Amino acid sequence: MNEMRAIIEQLKAANVAYYQESREIMSNYDYDKLYDKLVDMEKETGVIYSDSPTQSVANDFLDFLPKEKHEKKMLSLDKTKSVETLKSWISDKDGILSWKLDGLTVVLTYDNGELQKAVTRGNGTTGEIITQNVSRCKGVPLKIPYKEKLILRGEAVISYTDFDRINSQIEDVGARYKNPRNLASGSIRLLDASESQKRNVQVIIFRLISGSKFKTMDKQFNWLSEIGFNVVEHYPVNKDNIEECVKFFKRKIENNDIPTDGLVVSYNNTDYGNSLGNTSKFERHSFAFKWKDEVAETTLKKIEWSPSRTGLLNPVAIFEPVELEGTTVSRASVHNISIIKELKLGIGDTIKVIKSNMIIPQIVENSTKSNNLDIPKQCPICGGDTNIICSNDTEVLMCMNTHCPEKLIGKFVHFCERDAMNIEGMSEATVDFLVKKGWLKTFKDFYNLSQYKATWMSIPGFGKKSVEKLFLSIEKSKQVSPERLLYALGIPKIGRSQSREIFNHFDTWDDLIKSMKEKFDFSKLDGFGDVLNKSIYDWFKEDYKSEEIEQLVKILVFEEKIKTEELLSLTNKTFVITGSLNKFSNRNDLKSTIETHGGKVTGSVTSKTHYLINNDTTSNSSKNKKAKELGIPIISEEEFLTLL
């Protein structure tokens, strides 16, 4: 019984970390292994404790959010890793097979055609009210044509693309999110609702609870799509084709940008499914399918330390090649020093590897546990000293040399980006070349490259024309707005919108520097807080070299700030962009034009939208339909240009 109690406490601790704190202390593989072991022990002994995770739904409560009881209790789904079990379960009924989305479950309630509230799953009985945040998520219409009461369940998720983008902007590796699910869960429950929107949180509907005349899931999904919702990808199945359909989903996993944790099969006839009721923990209308992890045993050959632009040295395990899920695998990220210590890794150890969610190779077990791995004391790139740093309870290895080429390259690439100094043609490969030649050590060095021009032109791979073009671009970049320069410096947590907000408050660069000397409190600005305030002062304290930045500023010509009264009719106007463009090279160009003239661009059509820009004004896209329902003008690029 002591072992059973120990497993229960481990699983409960993992549930608290995962659902309430949006972090992981145990991999899905290890959790499932312990959970299955607990189920077996309960069957063998006949003993089931009241606090066993097999008997209760984990809760995701945060103390500061208001709570509300669900109209219908939210339970979990029983699960299997066997397709034969799915066949037996579906029997002679028709079903719907869909992704099991991996995010935060929310309940949306509409009445009289408007979103009334959004509530988290919570403990299944009571959830947290997060209406303001969810109303800004993609896929959540504020108004719909259906006027009766409608209750839906969906999953708030963040795509892998957005997850990688957001993590890449967080220099403190210990503060980075472990997976998209944690990021989505944390974002949707922030007090600052605009942050959910910035992070591109989207809600995908997976079940209609009440309010539709349709009695089958396929028709319900079609109807929900027509009135503006994003619905989960799904296909009709029966016992004869479900195995093939499972294989179809399996083939799609690697290129699926939305995080998933398996599949769900449901009875298509919702009246039949609901009539089956539930157990104390599981709904009977649906059944979950989780991929059976294919485990391969191999030998650890070495650990490579892969440098990042922030100075972080990422450990990558290199092992004897093995076949997993139809591909040859020979390397897996170990992420950080803490995991190396937890696995007690050593060269020559016998390790077990899986593909997590059938995508990412992962070491799940070390049979040898020699624990003899040497952590490098020098950076493999620059030879500078390394240091183990603890951040958010995670130990990571950092290169401490501020002039490490990898750090400089990352800093300079960001400096040249379109939304920063916009030095066209200055690719990462070119920056890498300039840093390694020793020509580029500080920001101002971009504007002193002419001394190397003749040598540069003579180097194979460049040529006179390409170098001349780069110098024209560098010269052009000297004329810049203060907000673009601030963004270009790469201050942690200060993105484009934060830089813009700062210079909505300050007129000039000198005003900013002067106010900082007087200890201006940035937390007073819209959307800022103590964290951003500290980030700005920490960066200027540690990285701001007065002489270097002053010299850079002397080279630049700041664009005069456009006064509010000088703006044209886009001031305080909100736009949504959809479809292909003809006049503008891409959406960023159009977005920049709108913002330059005082307007704002959002991702979804709401009652607050002033214009939807779509060259195909007659299309049946969901955004066009939404705009028409709300009476919002749909204009082409040509019509947009007349507003300027």
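Each Cβ is built from the backbone N, Cα and C atoms, and glycine gets one as well.
Going through GLU42, GLU44, GLU155, GLU323 against TrEMBL, the one listed in the NAD(+) site together with SER76, LEU77, ARG121, LYS290 turns out to be GLU155. Between the candidates CYS390, CYS404, TrEMBL assigns the Zn(2+) site shared with CYS379, CYS382 to CYS404.
Counting only same-chain residues six or more apart in sequence, the Cβ atoms lying under 8 angstroms from the Cβ of CYS379 (Zn(2+) binding site) belong to PRO307, LEU313, ASP385, THR386, CYS399, ASN401, CYS404. The two recorded residues, SER76 (NAD(+) binding site) and LYS100 (active site, N6-AMP-lysine intermediate), show a Cα separation of 12 Å. According to DSSP, the domain 'BRCT' (565-644) comprises 26 helix, 12 strand, 42 coil.
Whole-number maximum of the Cα to Cα distances across the NAD(+)-binding residues SER76, LEU77, ARG121, GLU155, LYS290: 21 angstrom.
LYS100 (active site, N6-AMP-lysine intermediate) and LYS290 (NAD(+) binding site) are 9 Å apart (CA-CA, integer value). In this structure, LYS290 is the one among the recorded positions LYS100, LYS290 with the smallest number of other Cβ atoms inside 10 Å of its Cβ. Between the CA atoms of LEU77 (NAD(+) binding site) and CYS382 (Zn(2+) binding site) there is a gap of 52 Å. The average pLDDT the prediction assigns to the domain 'BRCT' (565-644) is 82.
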